[in-house]
Amino acid sequence: MENASSVKEFILLGLSEDQGVQKTCFVMFLFFYIVIVAGNLLIIVTVISSQRLNSPMYFFLCYLSFVDICYSSVTAPKMIADFLVENKTISFVGCIAQLFGVHFFGCTEIFILTVMAYDRYIAICRPLHYTTLMTRRVCGRLVIGSWVGGFLHSIVQTLLTTQLPFCGPNTIDHYFCDVHPLLQLACTNTYPVGIIVVANSGMIALSCFFILVTSYVVILVSLKSQTSEGRHKALSTCGSHITVVILFFGPCTFTYIRPSSNLSEDKSVAVFYTVITPMLNPLIYTLRNEEVKSAMRKLWSRKLGNEKGK
């Protein structure tokens, strides 16, 4: 990846420069990352192996878990390794690859969360048409569309950044390479690029958020005409999704729909959508969902039964 820059590598300041804090963070974030990978893999294996979890909701949940693993893996391993070294450097190519990955998987997650809200809207508001509207083919196209949308968003952010000249400062006040920190290091006027970056991210975040809010307003209105049992079941499936949306969209929107002025504040907020939310997603969807818990129990009992039979 060539551009007119003389900078060949960047220095990441990370979350803290205090040695004691870094050692504590190493243990904590290593544990978080293990939980992210193990928890999301468990959901993927459970959904794939269970015949009961064959509805579109679990099809999308499986892909959400896969995206969460990829998304956190773009930033977490590098951040964890950097807690143990003094010189936290990353090559120019590595930095741009990280930038691409963060926006690719992050934007794909936004689209999948939006698709999941649409799925809940069809299931609750148009139950008689659910099987004909949400076929395997339609679900597959929605997932492919989410990946394509994430790629297009990411390629715009990445190409805009790689065209900038970096010829002086190379210290990034962050734990990963992102658009706003890199814009501040470019030795040219980045205001027009900054506007495009914010418009690109803002348009996607706000339009998806509008679809999500509209879906759940319609769902809540339609629940008035349902029985208390049907209302409880609908709210239990929607509750998990709403929790995840708030945890992911809140910090993500705060960071990307405004010009960045405080990078220290941004990197603290970024921990939520790159580490905390991917870690909590499996817990939220399993603790609030009896079908997933039941499928997991059957999976483990089957595994234990196979082990005893050997």
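Note: Cβ is positioned from N, Cα and C throughout, glycine not excepted.
What TrEMBL records for 39-285 is domain 'G-protein coupled receptors family 1 profile'.
Within its own chain, the transmembrane segment (26-45) is flanked in space by residues 61-62, 65-66, 68-69, 72-73, 76-77, 79-80, 83-84, 275-276, 278-279, 281-283, 285-286, 292, 296, 299, which lie at least six positions past its ends and keep a Cβ under 8 Å from the stretch. Per TrEMBL, transmembrane segment is recorded for 26-45 (among others).
For 57-76 (among others), the entry in TrEMBL reads transmembrane segment. If one looks beyond the transmembrane segment (57-76) by at least 6 residues along the same chain, the residues whose Cβ comes under 8 Å of a Cβ in the stretch are 29, 32-33, 36-37, 40-41, 43-44, 47-48, 98, 101-102, 105-106, 108-109, 112-113, 115-116, 119-120, 123, 136, 139, 142-143, 146, 175-176, 237, 274-275, 277-279, 281-282, 285, 292.
What TrEMBL records for 96-118 (among others) is transmembrane segment.
The transmembrane segment annotation in TrEMBL covers 138-156 (among others).
Under the heading transmembrane segment, TrEMBL lists 203-223 (among others). Within its own chain, the transmembrane segment (203-223) has Cβ neighbours under 8 Å at 107, 110-111, 113-114, 117-118, 120-121, 124-125, 149, 153, 230-231, 234-235, 238, 242, 245, 249, 252-253, 256-257, counting only residues six or more beyond its boundaries.
Annotation source TrEMBL lists transmembrane segment at 235-257 (among others).
The feature transmembrane segment is assigned by TrEMBL to 269-287 (among others).
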(message) As a test of reading the model: what is the averaged pLDDT for the domain 'G-protein coupled receptors family 1 profile' (39-285)?
(response) 87
